[in-house]
Amino acid sequence: MAEIRVFPLSCVVQNYSWGKVGLESEVAKLVTSGDPLVQIQPDQPYAELWMGTHPRGDALIRDNRIPQKTLGQWIADNPACLGAKVKDAFQGHLPFLFKVLSVNTALSVQAHPNKELAAKLHAQFPEHYPDANHKPEMAIALTPFEGMCGFRPVEEIVSFLQNVPELRALIGEVAAEQLERSGSDDPRGVSAALRVCFTRLMKSEKKFFVDQLNMLVKRISQEAAEGKDTSGSNGELLLRLHSQYPGDIGCFTIYFLNLVRLEPGEAMFLGANEPHAYLHGDCVEVMACSDNTVRAGLTPKFIDVLTLCEMLNYTPAPSSSKILPAAQSQLDPHVYLYDPPVPDFTIMRIEIPASVKLYLISAMDSASILLVIQGTAVGTSTAAASEMSLHRGSVLFVSANESISLHLSSPDGMLLFRACCLL
């Protein structure tokens, strides 16, 4: 019998408290479509689906002819499946973790370290920083998606400092004036002033910032009740976050960080040291295989304000600069590439119209993971032992240099995402 190098996966669900609940969650919908025997609990959050080999969520192989139980074990025994370049560059490991996220309430204000800092944090505090890898990541919206990402242009932050006296009180007059005076012709001066302001905010004494936050919430609630425009104080978002995380310093970060709204198919890339927080919606996400996160607010988890304020990239930029455009493939008009400025991962969005009945998922010199979002097909491959039934929620591992022929059977065509590593 030929060696099986393309096979279906059963992937791990993470039930973090911020996830959408029951069948409101895209994660839950995909899981139950992929395996109708799975019972979805209507009151449980289904936050993340992990497709990969991370030790906290190694995917199970759904093919009983394969002796290894998990994808991580199988790759360890068959490292050539990664492709020659990927195998050498990433020491025989799959370099990325592919996910689906369903966000109901905000995730923590966080950033991920670069490799140098990750190694240091892991050595010093392994209980909080479980590995020595960096964690750049990219999110592609499946439904309208909201997140905060990177520092706003300075004029926006200054406008909030002038319209939100409670924010100005926390930062202090000296730091606020320094930012107001910093000129666009001195980017280093701007970054330094921004660092001082943000650090002052994040290191505020608890009682002081809770008092200021309560005053701010009360003021905006009154203004909203009177029908006034609260956009100058970012009122709607403030009240929403405060209702989710009352008394949390993270509520004030809305005055520093860009609000990014993605429509389905739009992506944002988050490099090392980029402050961010997902707020609401469903997305596919891909990241370097790491679980290192430095948090500072909107979370009940371990908070490391000092490390966060030290490490951040304090370069202001408009929210539009955070959106990573997809490029239509030169080789295949049905493929759109999201290729970020890191080597660890790339995502392909594959849109097959209803008029196409036979489609080839082409071979590449990288292992890849394929997720079906919509549509049905029968897949055949010389590297699969038998025909594979593909439908919404199906996840396949595809070894390097293997292709799959899809025989489409859905009236609406298909939508798939494929995570890989293009070196």
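Heads up, the Cβ atoms here are built off N, Cα and C, so glycines get one too.
A TrEMBL annotation is a machine prediction, not a hand-curated record.
Since the structure is predicted, the reported quantities are computational estimates derived from the model, not experimental observations.
Summarising the annotation, TrEMBL assigns active site to R295. Sequence-distant contacts (6 or more apart, same chain, Cβ under 8 Å) of R295 (active site) comprise S108, V109, Q110, K301, F302, I303, D304, L308.
The number of other CB atoms found within 10 A of the CB of Q110 (Zn(2+) binding site), across every protein chain shown, is 25. For Q110, H112, E137, H276, the entry in TrEMBL reads Zn(2+) binding site.
What TrEMBL lists as domain 'Phosphomannose isomerase type I catalytic' is 6-154.
Residues or ranges marked as domain 'Phosphomannose isomerase type I helical insertion' by TrEMBL: 170-257.
The domain 'Phosphomannose isomerase type I C-terminal' annotation in TrEMBL covers 337-377. The average pLDDT computed over the domain 'Phosphomannose isomerase type I C-terminal' (337-377) stands at 97.
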Same-chain residues at least 6 apart in sequence with Cβ under 8 Å of the Cβ of H112 (Zn(2+) binding site), in sequence order, are H134, K135, P136, E137, L270, A272, N273, E274, S290, N292, T293, V294
The DSSP breakdown of the domain 'Phosphomannose isomerase type I C-terminal' (337-377) into helix, strand and coil residues is 0 helix, 21 strand, 20 coil
Not counting Q110, H112, E137, H276, residues with a CB within 8 A of the CB centroid of the Zn(2+) site are A111, K135, L270, E274, P275, T293
